[in-house]
Every structure is written in structure tokens, then in C-alpha cells.
Amino acid sequence: MSDYKSTLNLPETGFPMRGDLAKREPGMLARWTDDDLYGIIRAAKKGKKTFILHDGPPYANGSIHIGHSVNKILKDIIVKSKGLSGFDSPYVPGWDCHGLPIELKVEQEFGKPGEKFTAAEFRAKCREYAATQVDGQRKDFIRLGVLGDWSHPYLTMDFKTEANIIRALGRIIKNGHLHKGAKPVHWCVDCRSALAEAEVEYYDKTSPSIDVAFRAVDQDAVKAKFGLPGVSGPVSLVIWTTTPWTLPANRAISLAPDFDYALVQIDGQAVILAKDLVESVMQRIGAAEYTILGTVKGAELELLRFTHPFMGFDVPAILGDHVTLDAGTGAVHTAPGHGPDDYVIGQKYGLETANPVGPDGTYLPGTYPTLDGVNVFKANDIVIELLKEKGALLHVEKMQHSYPCCWRHKTPIIFRATPQWFVSMDKEGLRQQSLKEIKGVQWIPDWGQARIESMVANRPDWCISRQRTWGVPMSLFVHKETQELLPIERTLAAMEEVAKRVEVDGIQAWWDLDPKEILGEDADQYEKVPDTLDVWFDSGSTSYSVVDARPEFAGHAADMYLEGSDQHRGWFMSSLMISVAMKGKAPYRQVLTHGFTVDGQGRKMSKSIGNTVSPQDVMNKLGADILRLWVASTDYTGEMAVSDEILKRAADSYRRIRNTARFLLANLNGFNPATDMVKPEEMVVLDRWAVGCAKTAQQEILKAYEAYDFHEVVQRLMRFCSVEMGSFYLDIIKDRQYTAKADSVARRSCQTALYHIAEALVRWMAPIMSFTADEIWGYLPGEREKYVFTGEWYDGLFGLEENEEFNDAFWDDVRYIKDQVNKELENQKANGIKSNLEAKVTLKYADDANGTIKKLKLLGEEVRFIFITSQFVISEQAGGIDDENIQYNAGNTTVQAVVTRAEGDKCPRCWHYTTDVGKVAEHADICGRCVSNIAGNGEQRKFA
């Protein structure tokens, strides 16, 4: 017999070598949908302990970008890993559907409400637009392999959710947190609406920087404070500002109580400013000669009055902790209608909250003759000219600084005092209770705690009212004359009645409502509040409107919120505020934040730079599993770099993992775990070591999943596939797997190990490379559920005992020695020994302090299979080994590998060189071992 191929157990599997993910994944998705995989998982996990990851709703506008993909994939990895950990982890995706961006899109296409159609028709078009956006994004999220209740997501525009948002506000009102006030809020003149903190972005802007003198009303009183009654010339207090347009609203000048303020003589007049800033101010205003006449603490100047340069009234000097020495003069222009710090101190001193600016950003009539009707950003030059005319301008220059802008229009915004509704941070202790609750939450990474604590500690009251058309109505009634809210009990009853109607007909029910239907005879005295709720209230109240309401959550609170790091001031904040205001507790147990995506050079993604990466393109070219593997392998706690090159590296890693899985499957051909499994105690020692290796890897992988360290999962998975399996175990077993008798213990032991490893590996992969894990699952032998996602981590792993002779420590030493032997074998290729099986290795040793060599000797003939050489001899060197040739030194054991050409002839069946080829007449061209494996009882293997 010259062709022995038919006698070999060659690997065979239908599992393709190439993933072809972009082509195969859509077919798998179709099967998942047809089978209702999400429903199957829910049924399988019913009754288990719950883990609820509550989805922060993306905005229903535009196609998904790479940041969306990162977010949804991270969530999916957690949900799937929790399922494998024995939890029932339902995932209900959501969308944020109200608000300005959708209004702008509809306006661009159809015009503003009231122009070509009614507000009701406009809302209907907004609802229709949002629904189409949801459908588009949903398809892309599903294509990512994210499992969830995509047929029944939550939308903030669902009638029931809209009704529950109104009920959430009612609970907050009941708990005493709502108040009305004319406070300065971020105002976009293009939106003509207040903006939330999270809707404000900062860009560089050039503004005029001016120093302005406010002359003292009672000159003698001011001079007396400094103990200098004889000062010549008028005395003024100097302020500095970069917003000259706010000067008409000035109502005070703020000083720091503990700073030293100097009276400085210049050019026939005296000016007051912070002593530490005198030198820089004098340089700025060009005063070459000046004299500091005296100093006093800021507190000494409190309530002295100074004349406004052009408004015709005088203003007091007041004391505030917000005054700094970072820039300016140490005297702060204070306009309570145009800044939160100014407002707070204005309230303390009973100042007027003047608001001379209309919603369109122009001065209201009666402000000042040359300013009435002028846009505030065009008014700076007019104000500067006024100051020059009045002799009050000491200096003007241009400066570039960071300025707040609208997130949609990218145009500068203003602080503007308008009648708005606020959730009070302090009236009922919301700030303190929130800070207390923050400490009970696990923040991942842990720096998130300090970040949100700082934000909560310093944030102003939350302005929740908006002057928009497309949003959830506040559903409040106020008295026509006093503007007071309807008495509390009646307010709550009215809100519940409105909520019931909204639950049936949506938010339009509020605008269609005749107040008489609810208020009866009192309707003539009250009017409906036209404001809608801030969209951050919509999404922030979902712990109540969605989590508490959905039956699959069974009344459990959310375990985790997971979003980008910008959401500390966004969704994490609004959710915390609302939950604490409603229930007195945080809405989440854990909060995980991920960084933003950047390109390979660390630059922010930008269409103008052209460095964006489209998730749709990646899925169409490489497949979703490559995108998922990139997300998992990147440390999400910092910026997440992505580029074609980085994705190519992810694809390379994927191939290594896939090749390992394919090797396992191909060598499980013909293996039936029900009949062919070998008991652990009867297995070859090396096979038990391999299963133990998987057990150790699984412990570390599960620990990493539990800690949400997914890049650690991928690294450990790669080490297992490439190092422990690929470069050691899988190479060694090829000879035994291919050449031993098909049903011998030697081969079945090996297959048993491969089976256990494959069962574990496919589960480790499932949360990350979900499509590939599903594909592998379909090729694994043995009875099993239809999907890997319905089960749990594999519990059939075992390993070597520490007290065994050939324990893990021994195999660690063997692997090290093998690495050194392989280096010498590589060196000998230049001398004509082209393959390891052409070699004979003599392992020389001088001592054996840790007993490794003694154990190697006990392996007998089988030691050569570990080193994949035809012959392997161990030789003691009584005279010691030359230090230069030491290749292994651990525990005082030193060895040297000497490689020579193997003796004998090559066996065409097993490719080993041996001296007994042709010794059996019936099989004259093969070795004795192969004869035994073909025609005899087969070789016995105990160790390798």
C-alpha cells in the first residue's frame, strides 16, 4: 500500500476558513428575526435574577455614526455576558423624539408652524419625521448584531410615555421642587428658546474687552474710606467686561470682601481696583505714571454707590465670592438678568433682575434711545461709543475667548432673564440628597463620581421650560392676573386628567383642551401655560416613564446606565435629578461611561477633515463582528481610536480566533460527546493540561466580563488562542490526532479536550463576536439548544491538580524549554535541517534542582512528540555546561539543546524519521508505530 492518506484522521469541517462576514451576517440576522431569538432568550431566562441595562435614548435624527455603534455594542456585550452569567437581562432600546433638531428639520422642509399650516399639523409632521428616523436607525442598530426588543422599543413620543412624563412632573411638583422665576437662562436667539446646559457648546469668539469707570456718587465718602480726604480729582470704581452689550442691565458692582483694593492716582483722577491687578491694569490702559495712595478691604466699600456711565441711575458696590483675580480689575460688572452668578448675588441684595433684551436678541423699546431694536451682538460698538462720549471708557481692545454657542446653530447665545419654570436644587434639599445618592452608585471609571459631584454641587436650578412647539406640554394652569399656579391639589388632579387624555391622543390633546373641561367655572380666571418641557426632562424621566412601566422589568430599578462621557452633564444628570426629586433615590446602581472616537492620529472625527469612519461602510466591507471586536479590544475609558489600519488589525485578530475555532471543529469530525468522551482520569496528561488551561482562561475572562474590562477579555482570548493553544498544544496534538487509530483512547482523549475547549471558547466569544459564535455553535457536535445565547458559561472544564507530578508548573517549564529548543531548531535550518521532524535533539543538562528533567525523562518515548522532533535524547553533563550555551535557567536547572540530523528513514504516513521503517513486510514503507495504528492495537499515549 503506497497511499496511506485514507488511513489518516484528517481534519474536516464545513465551517469555512474565511468569515465572509459582510455576506453571511445578514442571513444570520434574518434567521434570528424569523426565530424571534430575543423572545427565545427571554423565555429561557425567565425567573432568573434580573440585570437591567437601561438604554439612554439616542436622538431620532440622522444616520447612526461610529459613536452610536460603540455605545450600542458595549451595551450588547454587557447584556449578552450577563445572560451567560445566569441573569435575565432584558434590553429595551429607546429613542428621544421631541425637541428642537426635529423641529428645525421639519421647518426646513415645510416652513414654520403658523405660516403654511397649524401648530397641530406641524406636530404631526414632527411625529412622522421622528418615526422615519427611528426606522432608519433601528435597521443599522440591528445590523450591528445588537439583540433587543426592536419590535417594541420605547419612544419618548409614545402616547403612554408622554403621559408618564407629565405624571413625573406632577410628582416633582407634589414634592415641592418646582418654582417659577425670571432667572437668566441660556437663550438662543435663533431658536428663540431657552437651552439646557447640555445643549451649549463652546467655541472661540473675538469680543471687545473694555475697562469702564463708574464715578462715585459721594466722592467724600469714598475718599474717607481710604482715609484720604485730600485726594485731587474725581474717584471712580473700574470694571472690566467682554460683553459691553450687557451694560444697560447693570445694577451693581461686585467686589471680593477679603481682597485688598487700591486707590490709584492717574492723570488728574483716582481709580479703585484690586491691588494685585494694579500693575497689569496700568499697563493695559497705558498709564505710564501712577501712584497707589492707599488700600482697604473690599468689605469696607460695600454699599457705596457709583453712577452708571450712561443709564442715568446709580448702582451699589456689593460683595460676592465669585470675584477672582484671574483677569480684569477685581471689580465685576453685575447684571442680574444676564448671568447666573449675577442673579444669585442680585437676589441676596434685592437688586432688580432687569431684562432689556427680547426673545429675538434685540433691545426692547425704552432701553436707551440709540439701542432700542438693535441686535445685542451689533450693539457693542454703540455702547463703546456711548462710553467714550461720557468719558467713562479707560481702554478697549479685542480679545479671543471661549464663548457659549447653540449646539444646533453654532451661533453665540446669551444669558437672558425670562419667566421660566425651574426645578429647585435647594428648596427641598434636592442638591444634598443627590450628592448623597451619588456616593451609593458605582461609577466606571471611578473618576466619574468626582465629575458629577462637582457638577451637582455647582449647578444652578434646572430650567425645565421651553418655548417650543414639538415637546411634552408642562400641562399647567396659571392665574391670568397673578400668574400663580393653580392650587397644588387641583394642579395635580388637572395634570392627571391631562395625562389620561395624552395617553389616548398624544400631546396634541393638551393643545386641543378647553380649560373649562377640567377647571369648570374657574376656567375664566386661569390660562394654559404654553411651554413645553426640556427634552432632557423627557429622557431623564425614563426611569419612571419606561423602567417602572415596562412589564419585562417587573418593577426592578435599572442596574446600569451606559453612555458617553459627555452625559455626566446630560442624561446621567437629568436622570439623577428627576429620580431623586420623585423618589429620593438614584435611578441607577452602576454608571459606565465611554470615551469619544478619534482617528488613528488622535484627532476628533470631523467631516471637514474627512477622517470619519462610517459603521455602515465597515459592516459592508468587513462585517459587524470586526466592528464589535474593535470596540471590545479598545480601552473605552479613554479616547477610542479607529481608522482603516486599526480595523485591519482587528480583522487580523479575528482571523486568528476564527482559525483556532476552525481547527477545533475540523478535529472534532466524527466525535460524538455522548459516546466518545473520555473520562478526565483516563485522558492523556497533556490533554487534561489543555482543558485546565481553558479553565484558567475562563476564570480570568469571566472576571474581566464582570468588571466590564472587555479589552482584557480580548487580550486573554488572544493569548489562549495564539500562545497556549496555537503555538503549543494544537501543534503537538496534530500527530496523535491524525495518525492514531480513529477510536483509540489516545485520539478520543485529544478530541475530548478539543470538545471541552470549543464549548468554552464559543461562549467566551458570544457577547463580542456574536455572529461568529452563532456560526460555530451550529457546527459543534452533540445535542444542544439552538442558540448559544440562551445558555450559560460552560461548566464542564477541569484541570490538573497542583499535587500531581505533571502539574501546571511542570508544563510551564516544558513550554519554556520548548521555546528554547525551537530557537535552536530555527538556527539549524541554515545547516540543511529544514523541518523539526528531520531533527534529533539532545537536551544536555548539568543539574536538575527543580526536578523538571527527571519528570521529562519519565515521559519516555513520548517526550519527542512534545518537541515535535523525530528523536529526543536527554543527556546529563557531569562536567557542567559552558555558560555561553545555557539556553534555559530556572530553579538552578541549566540545559543546552544540540540539534543533529535524525537517524533512519522518513515514514511517508507520519513523516517521522525512524530506524524501523519497512520492518513489517505487509507495510514495507512505513514505520512500526504506523503499522500498529493501521493494523494492530494502536499506540498507547499516557503523557502527550
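In case you wondered, yes, glycine gets a Cβ from its N, Cα and C as well.
Noted in Swiss-Prot for the protein shown:
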{"type": "MOTIF", "residues": "58-68", "note": "motif ''HIGH' region'"}
{"type": "BINDING", "residues": "Glu563", "note": "L-isoleucyl-5'-AMP binding site"}
{"type": "MOTIF", "residues": "604-608", "note": "motif ''KMSKS' region'"}
{"type": "BINDING", "residues": "Lys607", "note": "ATP binding site"}
{"type": "BINDING", "residues": "Cys907, Cys910, Cys927, Cys930", "note": "Zn(2+) binding site"}
For the motif ''KMSKS' region' (604-608), sequence-distant contacts whose Cβ falls under 8 Å of one of its Cβ atoms, 6 or more beyond its ends: 65-67, 596-598
Predicted model, mean pLDDT over the motif ''HIGH' region' (58-68): 92
Non-site residues, in chain order, whose CB comes within 8 A of the mean position of the CB atoms of Cys907, Cys910, Cys927, Cys930 at Zn(2+): Thr739, Pro908, Arg909, Trp911, His912, Thr914, Val917, Ile926, Gly928, Arg929, Val931
Candidates Cys907, Cys910, Cys927, Cys930 (binding-site residues) - the one closest to Glu563 (L-isoleucyl-5'-AMP binding site) by CA: Cys910
Collapsed DSSP category at Cys910 (Zn(2+) binding site): coil
Lys607 (ATP binding site) versus binding-site residues Cys907, Cys910, Cys927, Cys930 - nearest by Cα: Cys910
Local Cβ density at Cys907 (Zn(2+) binding site) - other Cβ atoms counted within 10 Å: 24
Three-class DSSP secondary structure - Glu563 (L-isoleucyl-5'-AMP binding site): strand
Least Cβ-crowded entry, counting other Cβ within 10 Å, from the binding-site residues listed as Cys910, Cys927, Cys930: Cys910
Secondary structure content, the motif ''HIGH' region' (58-68) (per DSSP, counts of residues): 3 helix, 1 strand, 7 coil
Cβ atoms near Glu563 (L-isoleucyl-5'-AMP binding site) (within 10 Å, other residues, all chains): 22
In three-state DSSP terms, the structure that Cys927 (Zn(2+) binding site) belongs to: coil
Three-state secondary structure, Lys607 (ATP binding site) (per DSSP): coil
Protein Cβ atoms within 10 Å of the residue listed as 'ATP binding site', excluding its own: 7
